[in-house]
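Annotated in TrEMBL:
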type	residues	note
TRANSMEM	106-124	transmembrane segment
TRANSMEM	306-328	transmembrane segment
TRANSMEM	348-374	transmembrane segment
ACT_SITE	Asp422	active site, 4-aspartylphosphate intermediate
BINDING	Asp422, Lys423, Thr424, Glu526, Phe567, Lys590, Thr649, Gly650, Asp651, Arg763, Lys769, Asn792, Asp793	ATP binding site
BINDING	Asp422, Thr424, Asp789, Asp793	Mg(2+) binding site
TRANSMEM	846-867	transmembrane segment
TRANSMEM	879-899	transmembrane segment
TRANSMEM	929-948	transmembrane segment
TRANSMEM	968-986	transmembrane segment
TRANSMEM	998-1019	transmembrane segment
TRANSMEM	1039-1062	transmembrane segment
Amino acid sequence: MKGYPWLSDLTHMSPSCRVSHGIAGTLLGEMALCAQKRPPEEERRARANDREYNEKFQYASNCIKTSKYNILTFLPVNLFEQFQEVANTYFLFLLILQLIPQVSSLSWFTTIVPLVLVLAITAVKDATDDYFRHKSDNQVNNRQSQVLINGSLQQEQWMNVCVGDIIKLENNQFVAADLLLLCSSEPHGLCYIETAELDGETNMKVRQAIPVTSELGDISRLAKFDGEVVCEPPNNKLDKFSGTLYWKESKFPLSNQNMLLRGCVLRNTEWCFGLVVFAGPDTKLMQNSGRTKFKRTSIDRLMNTLVLWIFGFLVCMGVILAIGNAIWEHEVGTRFQVYLPWDEAVNSAFFSGFLSFWSYIIILNTVVPISLYVSVEVIRLGHSYFINWDKKMFCAKKRTPAEARTTTLNEELGQVEYVFSDKTGTLTQNIMVFSKCSISGHSYGDVFDVLGHKAELGERPEPVDFSFNPLADKKFLFWDSTLLEAVKMGDPHTHEFFRLLSLCHTVMSEEKNEGELYYKAQSPDEGALVTAARNFGFVFRSRTPKTITVHEMGTAVTYQLLAILDFNNIRKRMSVIVRNPEGRIRLYCKGADTLLLDRLHPSTPELLSTTTDHLNLLGATAIEDKLQQGVPETIALLTLANIKIWVLTGDKQETAVNIGYSCKMLTDDMTEVFVVTGHTVLEVREELRKAREKMMDASHSVGNGFTCQERRSSAKLTSVLEAVAGEYALVINGHSLAHALEADMELEFLETACACKAVICCRVTPLQKAQVVELVKKHKKAVTLAIGDGANDVSMIKTAHIGVGISGQEGIQAVLASDYSFSQFKFLQRLLLVHGRWSYLRMCKFLCYFFYKNFAFTMVHFWFGFFCGFSAQTVYDQYFITLYNIVYTSLPVLAMGVFDQDVPEQRSMEYPKLYEPGQLNLLFNKRQFFICIARGIYTSVLMFFIPYGVFAEATRDDGTQLADYQSFAVTVATSLVIVVSVQIGLDTGYWTAINHFFIWGSLAVYFAILFAMHSNGLFDMFPNQFRFVGNAQNTLAQPTVWLTITLTTVVCIMPVVAFRFLKLSLKPDLSDTVRYTQLVRKKQKAQHRCLRRVGRTSSRRSGYAFSHQEGFGELIMSGKNMRLSSLALASFATRSSSNWIESLRRKKSDSASSPCSAADKPLKE
């Protein structure tokens, strides 16, 4: 909040107030024409009222199509899309193999059941999404518009509007296409529009018809109008238009001031007529929308790579076993042809090995079962529901919950490094408040108590009473009554101050009822100033093109308006020249003092003195744009989580910088704030170079163990962040950014921006927002998130890895294009630090365990191959193979993937550093994958060879040999189910009733099915399928078998427990330390309660103590260092965790690709 000495330019002149538009249909998805593709245009020619002439150019109609399917094409197209997924094609190939009798070693239903399930679930999801796209398309295309056809106005649907049509718009209607304004109800062909759907600004903008058409207000004249527009082809430049109107053998130049763009709203204008120049996807709004991109998470991309590696490993195992089969058949198998003959098709050991290869591919395919993909989708769906159900992200005022509009990106919310935010409506409420002013050297606005101390907001008295003024705005609040007293006493300086505020503006006044004034301001801050003057007795009542009427202290005074010098981005000030009733001519100006005085050349001091004498200083204003609640705290918390926040806004520089200070992105303690305003490539390059040099010089002077040469020879972008000492910020304007984003300068801009703590890009177009996001995505290899609330943010939201829409004041375009939506910016911290971090943690633990259990399950077949003549005989029966991933182990891992958490949500917010492992991709990467695989192979070795060794010599209770195929299979299968169940119990960090039920219930289901399959009842019904009656009962009745199972379980699990015990003792993670701190606090509280309540026989547990058990943490950490204080633990957490995280961050930075030359060297530390 700042004031300027000249009565002065509103501190945030840029318009930003957002208003709800009620147009649910203006979708900004991937647009497609209802017609065929056309060759690129070189120029656009459109003749009014001549559809036959315009149709030969095959221009796009106004029909919008975002849907992908119809009833006939859904099934074939959707299946085609699904089988483009490598995994689905792979499992289809396996299914075909299983249908070949000579190759198949398993029944076909083991593959087709899960494959059909996956395809069906995905198809239902796609069909639901496309249904809503059809619904939205119909809503847009069927909106009504008045079109001039055959001399009369007719109602036409938007999709039937064509280039060259003349359409009529009425007040508060949306513009259906890009129109050339022909005439309006206002004098001189003026009309007022709101452009929030285009640039996010709700300020009133003025458009004017060219004089030759402004008189065509009669329908009969418009019907005869046959002018032809020749203009530029469709493009995405919102602020530029170049064309010519040819009419009556004359030509008239056209500019952007003559155009009404699709998405605008007509305001304060009864009606207007326009000629359609661009329609549908050719409109500038749609040209800026960007293409819809299919978004995949980094874990998805890694999984695709790992699946290919696993498939390669599978082929290698198949080749090894096939070679073994060929050798065995050649050396040994030929001797047993009498009772083990080859199949008729097999005529050699080599061909037997070839068939064996495909058989083993089928058997070993469970290293990547299709249930993996089903489970991932179920877990993501669960995470999405948690976001939707989160009451702490529900806005009671707007009755708006958070919404996860996609289910595929949840875990990537836990890996975000860059947040790109819009300003107006996203960071701010866009509520401008007249806060303070200074008149003739006297400051008003602060309130002091009886001791002369400044009163805080909560200590202030009642606001000023404006009841003396019947036209006052009851919503206006001001606390300093001395200003009103000065007005009532007739202080001339104060009266002149408010007279200026009531005259020097472009506000439109509307009086629906007597005394009920409604102001439509070109910017919200201008409206705040006029409202302040209104309440203090200088009421702007009405205007005409030549007059302004003001009620001054109850008396109506009409001023003759001689000239308006309007505000723009270059002048940054506004002036009006009026003649008062006494006949005196006055110039009233508001703008920054530096801008006004700089207009005078320093070589003319006499002129400066003379002008200053005549341009009397009246006062200064202070306008405050209120931030949304919790914005500074959210930004501070995200910064602590090592998330960089960039603000990309269409507002002017002064507004954005002020908001930057308000939300603590910019502070007075910063070393320097660099402002880049160059208008040429050379100027921008030089400003960026100087900024980098200043940062490097400051770092060199501070030292930090770096030499200047080491800094300059950086081989990575993030090296600058490590080398620079001090805090810097970068502010860059849109015209400078256009040059900075050019191919030969984009890396210089990115390196400079990444060296700064805060980056603010001002006056940027929607396309530039997307380009900045794409630049960071391309070169930083970091997860990006874009958040905005308007149509001008859609391109940015679509480009980022994750798009978040604020469902607020500006329609639903941003929400429709987003992946997640909520109503306030402050909810972003909970979305990332709680839901995002938990989703990433859960998905990583799920994948690690899933690959472990499946390698432990599948590799047993590989070891068994060396003992069964490589005959592709399975260890387990086919029913166990089918049910292992679907029934026995699916629900426990799903429960962990959906419900698990390492620390409670409160601790996630208290310790933002817990977020960093996700940014560094520590919990699931190639290294973690190979560790899981190694553990799975280790478990499979013990799972096979311990029972094999025991069974070689073991006997039953009656002295008979224990070793038989079915008894061995039952023992190995039982050992496997118990081991993986114990393992998931160790992996679970957050126990709920569901976890208990699924883990122990799955074990119970396993034994129930096992005994059922070996029962007399199933044998009687299916004698050919269930031949081994009573085998399970007989095997599990042997003590030797249970000793074998116990030994296998202990040997498999003990190394894991030992490793985790040592890790927690020697190198704990921050989450381990936070959990331990929490455990200590709980026990201290419990002891304190016991001391205060001696003799109490019952105990009370908190809800958290009941539900949030510590898994194996209690076992390995109980009693160890229990006397450590919480303060000591906190310091230990910082010391032990930040060091290893920072070292890993540096390693990640070292491995990043450099945009610089190959000769550059990395920084030394």
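Glycine is no exception: its Cβ is also placed from the backbone N, Cα and C atoms.
Touching of the transmembrane segment (929-948) and the transmembrane segment (968-986) is concluded from the presence of at least three CB pairs under 8 A, sequence neighbours closer than 6 excluded. Distance from the CA of Asp789 (Mg(2+) binding site) to the CA of Asp651 (ATP binding site) is 14 Å. With pairs at least 6 apart in sequence, the transmembrane segment (306-328) and the transmembrane segment (879-899) have fewer than 3 Cβ pairs within the 8 Å limit; the two do not touch. Contact between the transmembrane segment (106-124) and the transmembrane segment (348-374) is present: at least three CB pairs lie under 8 Å, with pairs separated by 6 or more positions in sequence. Between the transmembrane segment (846-867) and the transmembrane segment (1039-1062), fewer than three CB pairs separated by 6 or more residues in sequence fall under 8 Å, so the two stretches do not touch. Here the transmembrane segment (998-1019) lies next to the transmembrane segment (968-986) in space: the count of CB pairs under 8 Å, restricted to residues six or more apart, reaches at least 3.
The stretches the transmembrane segment (348-374) and the transmembrane segment (306-328) meet in space: the count of Cβ pairs below 8 angstroms, excluding pairs fewer than 6 apart in sequence, reaches at least three.
For the pair Asp789 (Mg(2+) binding site) and Thr424 (ATP binding site), the Cα-Cα distance reads 8 Å. If one looks beyond the transmembrane segment (1039-1062) by at least 6 residues along the same chain, the residues whose Cβ comes under 8 Å of a Cβ in the stretch are 935, 938-939, 942-943, 946-947, 950-951, 954-957, 962, 967, 970-971, 974-975, 978-979, 982-983, 986, 1112, 1116. The Cβ of Asp793 (ATP binding site) has 34 other Cβ atoms within 10 Å, all protein chains considered. Beyond its flanks by at least six residues, the transmembrane segment (306-328) meets 86-87, 90, 349-350, 352-354, 356-358, 360-361, 364-365, 367-368, 862, 865-866, 869-872, 926, 929 of its own chain at Cβ-Cβ distances under 8 Å. It is Asp789 that, of the binding-site residues Asp651, Asp789, has its Cβ surrounded by the most other Cβ atoms within 10 Å.
The maximum pairwise C-alpha distance among Asp422, Lys423, Thr424, Glu526, Phe567, Lys590, Thr649, Gly650, Asp651, Arg763, Lys769, Asn792, Asp793, the residues recorded as binding ATP, is 31 Å.
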